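Okay, so here's the structure we're looking at.
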Amino acid sequence: MDVTRLVLATLLVFLCFFAAYSHLPPEEKLRDDRSLRSNSSVNLLDLPSVSIVALNKKSKKISRKEAEKRRSSKKEASKQKVARPRTPLSVPCVSTRGSCKPPAPACCHPCASCQCRFFRSACSCRVLNVNC
């Protein structure tokens, strides 16, 4: 009994490995550049070349004042984006995550848009860009 179970278990494991590896594409061994060029779907000559530039010591060192100026300018730029005026809200509108089937009015949130699924049977207002 134990021998037959061992044989059946071995056969089952073999069949599992055979089923798994039969679906994988065979690996190709490339021996030289010629076979690489002929087998590749993308032509390597069409890709843009990458240039490596060495940095000198002056470009690596940034003074503390310059770094603070850059940080403050980035903060000011982000504050200017936040302070942008919003469009006035229309009175009949659909709230975010509310149903907005096509005869319904527009979404209340200025950055929201009506997205439909399942052949326009389920529609809801969604905010796509949080930073809007």
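Including glycine, each Cβ sits where the backbone N, Cα and C put it.
Copied from Swiss-Prot, the annotated features are:
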COMPBIAS  64-79  compositional bias 'Basic and acidic residues'
DISULFID  Cys93-Cys108  disulfide bond
DISULFID  Cys100-Cys114  disulfide bond
DISULFID  Cys107-Cys125  disulfide bond
DISULFID  Cys111-Cys132  disulfide bond
DISULFID  Cys116-Cys123  disulfide bond
DOMAIN    93-132  domain 'Agouti'
CARBOHYD  Asn39  N-linked glycosylation site
SIGNAL    1-22  signal peptide
Is it possible to get the count of other C-beta atoms within 10 angstroms of the C-beta of Cys108 (disulfide bond)? 16
Mean pLDDT over the domain 'Agouti' (93-132): what is the value? 80
If you measure from the C-alpha of Cys107 (disulfide bond), which of the disulfide-bonded residues Cys100, Cys116, Cys123, Cys132 fall inside 10 Å? Cys100
Per-state residue totals over the compositional bias 'Basic and acidic residues' (64-79) - DSSP helix, strand, coil: 16 helix, 0 strand, 0 coil
To the nearest whole angstrom, state the Cα distance for the pair Cys108 (disulfide bond) and Cys116 (disulfide bond). 17
Write out how many residues of the domain 'Agouti' (93-132) are helix, how many strand and how many coil, based on DSSP. 0 helix, 15 strand, 25 coil
Out of these disulfide-bonded residues, Cys100, Cys107, Cys116, Cys123, which one has the fewest other C-beta atoms within 10 Å of its own C-beta? Cys116
Going by a 10 angstroms cut-off between Cβ atoms, which of the disulfide-bonded residues Cys93, Cys111, Cys125, Cys132 has the sparsest surroundings? Cys132
Keeping only the disulfide-bonded residues of Cys93, Cys125, Cys132 whose C-alpha lies within 10 A of that of Cys114 (disulfide bond) yields Cys125
C-alpha spacing of Cys93 (disulfide bond) relative to Cys132 (disulfide bond), in angstrom: 19
